[in-house]
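Q: Provided herewith is a single structure, encoded as structure tokens, for subsequent inquiry.
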Amino acid sequence: MLIKRNANGIDLPFPSEITPRHVFESRRTFIKQMALGSIAAAAPDLLIRDAFAQSGPKLPATRNAAFMVMDKPTSYKDATSYNNFYEFGTEKTDPVGAAGSLRTRPWTVAIEGEVRKPMTLDIDSLLKLAPLEERIYRLRCVEGWSMVIPWIGYSFSEIIKRVEPTGNAKYVEFTTLADRKQMPGLRSPVLEWPYVEGLRLDEASHPLTLLTLGMYGEVLPNQNGAPVRIVVPWKYGFKSAKSIVKIRFVKDQPKTAWNISAPQEYGFYSNVNPEVDHPRWSQASERRIGEDGFLKPKRKTLMFNGYSEVASLYTGMDLKKFY
Ligand SMILES: Nc1nc2c(c(=O)[nH]1)N[C@H]1C(S)=C(S)[C@@H](COP(=O)(O)O)O[C@H]1N2
Ligand SMILES: [Mo]
């Protein structure tokens, strides 16, 4: 990916990553209270949005305690102003300014291919398809930074159940919107458009794989992939395709945008793996956005981004070969 680096090979922090002390302190109190259960008992829903006082359209959801990492969530401001969404430009600060031109309604997602029940769902049907849950996941970008985000959605397996894949379905391909009128970044040939991603069917079926419609108690901001994206927390961030318009169940391993662009750097699997370096940098550690300035040491990157429950999906596979 295109990263700016200083002389030490460290990518430079964005000014908003330096969190003011009082904000940090109040968050710490909040996290402590949450751990003690005093907030959770009083207000199980929309907890995160209330804590960070957001203003966009609300999206009620119930927290799912089984899918909550204990790390301090990234601030809403950082999560919505430091983005990779190349359809709106290649700079981290581009999408927050440019994604306002994305029209998220009407919006449909066509689900097709090797399924008994192909369907086209509009965004309201997707919102009603299964109960909305709030889950706090780590997101590790292949570039060496990470965030902790309270997403809203439900397991992608809810979709899989309804479309009934045939025996030929081995992979799922996600195609995202590519509309030059709405997306100024498409003028650049930095990637092949549309942005496509894919998962093996068992990866797509894993309960962690989240069909995502919101974050921080609200509908997804455009720059985070409105109105619907996928989030696959044990893989590098680029597997989590934004603004999806088509989902295809297929027999053969699909092409993926970053693999087309640089196959020796970005494989199909792209599991977070501190033992497999990117050809141009180490993947052993990461910078947590908003938490660390120059003074704080980087965090160690965890195998599968800490989601060790997915390890059984890869039994017997050489993860250096299938990077
Ligand atoms: N359509 C599309 N999806 C995308 C990208 C993109 O450029 N286009 N960037 C990916 C990358 S590299 C990352 S790290 C995550 C960032 O998601 P976030 O901005 O919500 O944190 O989105 C992923 N999904
Ligand atoms: Mo990324």
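Here the Cβ of each residue, glycine as well, is placed from N, Cα and C on the backbone.
Reproduced below are the annotations present in TrEMBL:
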type    : residues                                                                    : note
BINDING : ASN83, TYR86, GLU87, CYS141, THR176, ASN224, ARG229, SER240, ALA241, LYS242 : Mo-molybdopterin binding site
DOMAIN  : 104-258                                                                     : domain 'Oxidoreductase molybdopterin-binding'
Q: List nothing but the largest Cα to Cα distance in Å, as a whole number, among the residues ASN83, TYR86, GLU87, CYS141, THR176, ASN224, ARG229, SER240, ALA241, LYS242 that the record says bind Mo-molybdopterin.
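A: Across ASN83, TYR86, GLU87, CYS141, THR176, ASN224, ARG229, SER240, ALA241, LYS242, the two farthest Cα atoms sit 19 Å apart.
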Q: Around ALA241 (Mo-molybdopterin binding site), how many other CB atoms lie within 10 A of its CB?
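A: Excluding its own Cβ, ALA241 (Mo-molybdopterin binding site) sees 25 Cβ atoms within 10 Å.
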Q: Determine, from DSSP, whether ALA241 (Mo-molybdopterin binding site) sits in helix, strand or coil.
A: coil
Q: Taking DSSP three-state, what's ASN83 (Mo-molybdopterin binding site) in: helix, strand or coil?
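A: Once the DSSP labels are grouped into three classes, ASN83 (Mo-molybdopterin binding site) ends up as coil.
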Q: In sequence order, which same-chain residues at least six apart have a C-beta under 8 angstroms from ASN83 (Mo-molybdopterin binding site)?
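A: Set apart from ASN83 (Mo-molybdopterin binding site) by at least 6 residues yet with Cβ under 8 Å, we have LYS92, ASP94, PRO95, VAL96, GLN223, ASN224.
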Q: Restricting to the domain 'Oxidoreductase molybdopterin-binding' (104-258), report the mean pLDDT as a whole number.
A: 98
Q: Which chain-mates of GLU87 (Mo-molybdopterin binding site) that are at least 6 residues away have a CB under 8 A from its CB, listed by sequence?
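A: Result: THR176, LEU177, ALA178, MET183, GLY185, LEU186, TRP193, TYR195, SER243.
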